[in-house]
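Down below is the structure, laid out as structure tokens.
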């Protein structure tokens, strides 16, 4: 189920669907329907994952269903989990800058400068050191056969806790997430068997007084941050909405298995979640 990297399975790609020829199901869509998502209908609902090395064209296409993700959009399933007041108090070491992004990919496929750093939290306690990367793809996980990235199990082993909720949620992180940067967008894919809960300043209108917490189902992928949209939002944002202080424009939060902010939830804010990530995007001058 994607725990170990598997090679591409390549088949002829065929022509793009056309109205005068009907709408045949493309091979990668068919494989994903059979093995993962029976409700999948259109190729536009899929996004290729970084693990896939096959170019997407009309000549050949990879049909490995674990090289694809189900694309989640803010206005489509999975739905918003809750809306809650802006969490305006910044976690320690949060990155906040209005500088323009200038990092470029080097010849080795990495960005010349680190583009993000990730902190792992258990409730209101940061666990271990921050993880910084210049690689366009970052895996964050607790348990992988051949893990390469940020291992939360290793970080958690340095902290002794008797909190039952934290201990239970640790076991649900599993394969975790893959976060990857493409041009001016950052995507998050969930390998976990349990939902993720995310919020981001670029998933809401610029003058919104509340952030939406989105529930991301296993196997789904979401555009969690957009640099261009972030800059536009900052220009459009009405200062009168900032009643309680500045907003951290370059940080998103991801909680494993547990949501927050819902009227039905006892967790009113992200620091009430047992296991969560703070992702801080580094914007260089």
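Positions of Cβ are set from backbone N, Cα and C atoms, glycine also.
Since this is a predicted model, take the numbers as computed values, not measurements.
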Please identify the range among 50-74, 75-99, 100-124 that TrEMBL labels region 'Disordered'. 75-99
When the pLDDT values for the domain 'MH2' (115-285) are averaged, what is the result? 89
